[in-house]
Amino acid sequence: MEFTRVLQAAGSKRAGTGRQQDRTVRHSTPCFQKMLRNAGCFFCLGPRPPAERHRKHMASYFGTERRQGSGGTSLLYDPRARGIFYQVVVFGAVIAGIYWIVGNTITNLQRANIASGFGFLYGRAGFDISQTLIQYNSDSTYGRAFLVGLVNTLYVAALGVVTASIIGFLVGIGRLSHNWLIRNICTVYVEVFRNIPPLLVIFFWYFGVLSVLPPVRQSYSMPLSTYINNRGFFMPSPVWGEGAWALPVALLIGILASFAVARWAKRRQMATGQPFHTIRVSAALIIGLPILALIATGFPVSFDVPKLGTFNLTGGAQIKPEFLALFLALSFYTASFIAETVRAGVLGVSKGQTEAAYAVGLRSGQTMRLIIVPQALRIIIPPLSSQYLNLIKNSSLAIAIGYPDLVAVGGTILNQTGQAVEVVAIWMVIYLGISLIVSGLMNWFNAKMALVER
């Protein structure tokens, strides 16, 4: 039979006999064609597909090829061509949608006699901002006001990321403690803050903690000439004299030197197996060099100490309750999620690592610091990036308590100018840029900490 002849030909080709094979598959036997119509295709493992696909299946099974006609293979059955076609269609639909939205927006703005464009950024702002880290007054431009809001957002977000990381790491390790009290306190903290919306956490710190502090006359006096009351936290502020530039320069040199020492210690340990106390040396460099710089320049830095008056505190630096509430809320809220990430990362390390560390004589603290945590970081870092991004985006809730962040300042500008589309676009671009930068840095750090396989 024809079917038997084709099978024998295919078998002889797979066996490597090298005999000339028939390169065309024909279904000339009536019984064979009837079997395909009624029972489906045996080689396609299902109901008989279209003729073109069936011939391709038969050709791939028997090692034969379909002879190309004068017109070539149809693009309809080319997966690559179909993929390109679908991508072009989707891309065209997206472009058409964007064009329709932009055109509709411009038409509506013109109908409402609202000017469009970003020229308003050069106009006079005409309003004050309560907390500024850079120079600003009511005569500054709207663009300067946006910059003040951006700096305030980055400031609270940066401090929140550092504080949340420290608290979250300590709480995550505490949840694994063998001490019953520490373990349960950390568990209660995580379960409480993790299940409350961040806005309520901000309200808790602002209205439930800071607003109920005593007035100025009854301020709580704290060590180092600091005071706290319902108007914020007051502390001494540095006054820079001539030659004070040596202090930040010495601090920068100490930080760079500590990184150099850490890299040298790592290479030394990899070569000899002997550890080096980098923490002590780094602390000595970061603290000791600025002190030496102060001594060498004759202590050009003095401090303006706050003084308690009849109605207010004068002198020093003030941290307002809006910033404190937002900073504490974001830090403690995000730390609860980071704690769970740290706990999961530590539990993800094989218990055999701990047993091996104990077997060679390492103590519990050394095991955690030298063996467990370095391996757990590879599990912790990827989800940690999401928590940092959430903290940055949650900082936009500052408008609820009056902290002048990017959203709050932008809202004031929107009310004065009516440039809603432009203001919202600025918000979106800035937050998108910050998120992409943070994500890129965390991906780079994750790649540096990844396990290098030989």
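Backbone N, Cα and C define each Cβ position, glycine as well.
Worth saying up front: this structure is predicted, and the values here are computed from it rather than measured.
Residues annotated as domain 'ABC transmembrane type-1' in TrEMBL: 150-442.
Per TrEMBL, the feature transmembrane segment maps to 84-102 (among others).
Here TrEMBL flags 145-171 (among others) as transmembrane segment.
Tertiary neighbourhood of the transmembrane segment (192-213): same-chain residues 220, 228-230, 232, 321-322, 324-326, 328-330, 332-333, 335-337, 340, 394, 397-398, 400-401, selected by CB-CB distance under 8 Å and a gap of 6+ residues from either end. Residues or ranges marked as transmembrane segment by TrEMBL: 192-213 (among others).
Summarising the annotation, TrEMBL assigns transmembrane segment to 243-262 (among others).
The transmembrane segment annotation in TrEMBL covers 283-303 (among others).
Sequence-distant neighbours of the transmembrane segment (323-342) (same chain, 6+ residues past either end, Cβ-Cβ under 8 Å): 131, 156-157, 159-161, 163-165, 167-169, 171-173, 175, 186, 189-190, 192-194, 196, 198, 201-202, 204-206, 209-210, 232-233, 376, 380, 383-384, 387-388, 390-391, 394-395, 397-398, 401, 403, 405. Feature annotation from TrEMBL assigns transmembrane segment to 323-342 (among others).
Taken from TrEMBL, the feature transmembrane segment covers 424-445 (among others). Within the same chain, residues 146, 150, 154, 157, 381, 384-385, 388-389, 392-393, 396, 406-407, 410 sit at least 6 positions outside the transmembrane segment (424-445) and bring their C-beta atoms closer than 8 Å to a C-beta of that stretch.
Counting only same-chain residues 6+ beyond the ends of the transmembrane segment (243-262), those with a CB under 8 A from a CB of the stretch are 278, 281-282, 285-290, 292-294, 296-298, 300-301.
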